[in-house]
Every structure is written in structure tokens, then in C-alpha cells.
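> The domain 'Formamidopyrimidine-DNA glycosylase catalytic' annotation in TrEMBL covers 2-122. Annotation source TrEMBL lists active site, schiff-base intermediate with DNA at 2. The active site, proton donor annotation in TrEMBL covers 3, 61, 278. The DNA binding site feature in TrEMBL is assigned to 100, 119, 168. The domain 'FPG-type' annotation in TrEMBL covers 254-288.
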Ligand SMILES: [Zn+2]
């Protein structure tokens, strides 16, 4: 699953190679690629052909292209779902077809924008833009209007987000992953941010200080910025790529995926436990687990 830094790398590549270009002809061959579009592939082709890509935008892990400079509620945009393995590639004119190529658009400079997706969870949808439900006036693709600002946006307010997290009073990692509270923090960076903060992900957010929750959000931003610095320069000039599954992105992680390896701070073996159908990785010393609740909930069963 691509995380925010990978999506941002793709967005930057699209800014360099696709923004300003007109989509001369469009072809969608993957049946699943168009499955979110009510009118299917035919409608995607009809609504994209001849239009000029005016912007490449991102909020959290959502990525979209604005069209013809129309930046208003109701205007079309191309929402790109990267899914598990979706790639937006830009190739030169006449590049040979590749496996798992599901959609392509010939650009007016002769290059070709391609959507390649091995596992076909991703796709393209042409959708109207709508105002964000947070009341900020930011325009988002309508299906993403409920998504909160991500830590890289100037509109993001870590203190306000931390207050929401404390008020919801549940496991803090669950809230870091909740895209309606703060967007773009996936499982990997939630674990990394919690390790940097010295917080166990199962700690109840209402019992963590406002300062510590704000700190965790700031760490999430910093750890993703570090990943972006490490990975943002490693793509070829004419090869815009995202592939979260292959380890293409050069990550240097402190706890995620390091179960059994020593914590970089104290040397204790990193532990992995199941959480929300995924894994949580943490140092049991630097990030002490919350104590189990006692009392009424642990009454012995009466037979
Ligand atoms: Zn440790």
C-alpha cells in the first residue's frame, strides 16, 4: 500500500511531466480500472479526451488531477486510486506496451501517461470536486470530501487535531489512522511516530497529555518528511512511479517491520502485535503498554 511520501513523489512527477499537457487520446482497457465510474471506461474516455491537466493535487493518500484550470465545486477532476500496486508512469512516444497496463493517455508532447496496476485494486474515476466537509473551503474530489487535512498542508492545525484525538478517547493509534481526524498517516508511519513519541499505540488518547498527542502528530509529519527526503530523488526523470509493495521506496525505519531486532534507543527487542487486522511494532521499554483495566470488567464468570 503506498503511503503518503510515495504518493507525494508521484504527484511531484506528475507536476513535472503531465501538468500543462493536453490529453490527446485516452484509452481504458482494464475492466476493473473503470469499475468505480458509473458510466465505465466509455465515460472516463469521453470526459478526459481533449482536456488539459492543470494541476496535480494530493490530500493524505488521495491523488487527483485538475482539468482545464477549473477549480470550482462541480468541475471534473481525475481521481487516481493507487490501491495496492497502482503506478502512474510517463513513457516516451512509442514505448512498448507492458504487462498490467490498464489505461493510457497520449499527451500533446508525444509522451504517454500510463496507469499500470498489477493487483488491480486501483483505478481511475472522473468525479466532480466538492468543498471539504471541514468547512475550510478547500476543494477536494467529492468522494474524498470527508478526509481531514494531512500534516503537510498549511491548513493543518496539530493542536486542533490533538484536541479531537484526546476528546475521542480511544486507542491513540486508531485515531492516528482515522482519515477523518488527520489524513495520510498509514500503519508504517503511525508506528514510527509512536516510537519517536515513546507512546504505546493502545494508550487511551484521553489519558495522554495534549502536548504528547501534538508531539505524536509532529513526529508523524517529520518521519514522513524524512522518508520523502530519502525517496523523493530516486526516480528517473521520465519515470513517475509508485510501488509501495516492492520496497522501491528507500525507507529507513526504526520499528516498523523490525520485530525481534534491537530498539535503536535502548536495545530491547522490538515487539509486533496484531492491531486492527495489521501489525503494530513497538519497543516494550520505550513505549510501555497500558495496564490492563481491572475491576468490574474482570469479574469471574458465575457458573
Ligand atoms: Zn527502546
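Every residue gets a Cβ built from N, Cα and C, even glycine.
Where the annotation comes from TrEMBL, it is an automatic prediction and has not been curated.
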> On the Cα atoms of 100, 119, 168, which are listed as binding DNA, what is the maximum pairwise distance in Å?
42
> For residue 278 (active site, proton donor), what is the tally of other C-beta atoms lying within 10 angstroms of its C-beta?
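Summing over all protein chains shown, residue 278 (active site, proton donor) has 15 other Cβ atoms within 10 Å.
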> How big is the gap, in Å, between the Cα of the residue listed as 'active site, schiff-base intermediate with DNA' and that of residue 119 (DNA binding site), rounded to a whole number?
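The residue listed as 'active site, schiff-base intermediate with DNA' to residue 119 (DNA binding site), Cα-Cα distance: 13 Å.
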> Using a 10 Å cut-off on Cβ-Cβ distances across all protein chains shown, tell me which of the recorded positions (61, 100, 119, 168) has the largest neighbour count.
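Checking each of 61, 100, 119, 168, the winner is 61.
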> Let me know the DSSP-derived helix, strand or coil state of residue 168 (DNA binding site), please.
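DSSP assigns residue 168 (DNA binding site) to helix.
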> Per-residue pLDDT averaged over the domain 'Formamidopyrimidine-DNA glycosylase catalytic' (2-122) comes to what?
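A mean pLDDT of 93 is what the predicted model shows over the domain 'Formamidopyrimidine-DNA glycosylase catalytic' (2-122).
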> Got a sec? Which of these active-site residues, 2, 3, has the most Cβ atoms within 10 Å?
2
> Need this for a regression test: recorded positions 3, 61, 100, 119, 168, filtered to those with Cα within 10 Å of residue 278 (active site, proton donor). What's left?
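Qualifying among 3, 61, 100, 119, 168: none.
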> Looking only at C-alpha atoms, tell me how far residue 119 (DNA binding site) is from residue 61 (active site, proton donor), rounded to the nearest Å.
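With distance taken Cα to Cα, residue 61 (active site, proton donor) is 18 Å from residue 119 (DNA binding site).
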